[in-house]
Amino acid sequence: MRVALFPGSFDPVTWGHIDLVKRASLIFDKVIVLVANNSAKNYLLSDVERYELTFEVIASLGWSKIFVDRYDGIILDYALKNDIGFIVRGVRAFHDFEFEFERYVVNNKLSPLVDTIFLPSSDRYLFVRSDLVKELIKNKNFDLSSFIPELVQKKLKSKFIDKLS
């Protein structure tokens, strides 16, 4: 069975993430969406909230080959511990590729057992970023349905509109 890992912070999960996960599921037998923590980032949502929201969104789509997990550690370590041979990384533009390629080189030096697959973002999601969504959610009048699922928009607005205004 060909299993792939799609890691990210998902703060929050966007249509861009979902598109990449769906496309990865066409290539692999199983895809694990891994909600990970990066100590260099400041999160709007807690790790539990990010996991639960990502899980709810994926579950609502009914895709049987896609699973959600969370991990607080090195992504390569998770892949090795769980016998996962591939890490899928989305690439929006050249700066994403440069960053992800450096990560690939390091991972490959540490363990050639796990390979990295780069998927370019679909045109319609090239400029969809979680940090952009967090900035836009401050204005409750914006319709963010082209960036995030309605479930995510409702959750963010109900939870954070008072804190962010």
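Quick reminder: no glycine exception, Cβ is built from N, Cα and C everywhere.
Per Swiss-Prot, the substrate site holds SER9, LYS41, ILE75; the candidate it also names there, chosen from ARG2, ARG89, is ARG89. SER9 (ATP binding site) has its Cα within 10 Å of the Cα of these binding-site residues: LYS41, taken from LYS41, ILE75, ARG89. The shortest Cα-Cα distance between SER130 (ATP binding site) and any of the binding-site residues LYS41, ILE75, ARG89 is the one to LYS41.
Counting every protein chain shown, the number of other Cβ atoms lying within 10 Å of the Cβ of GLU100 (ATP binding site) is 16.
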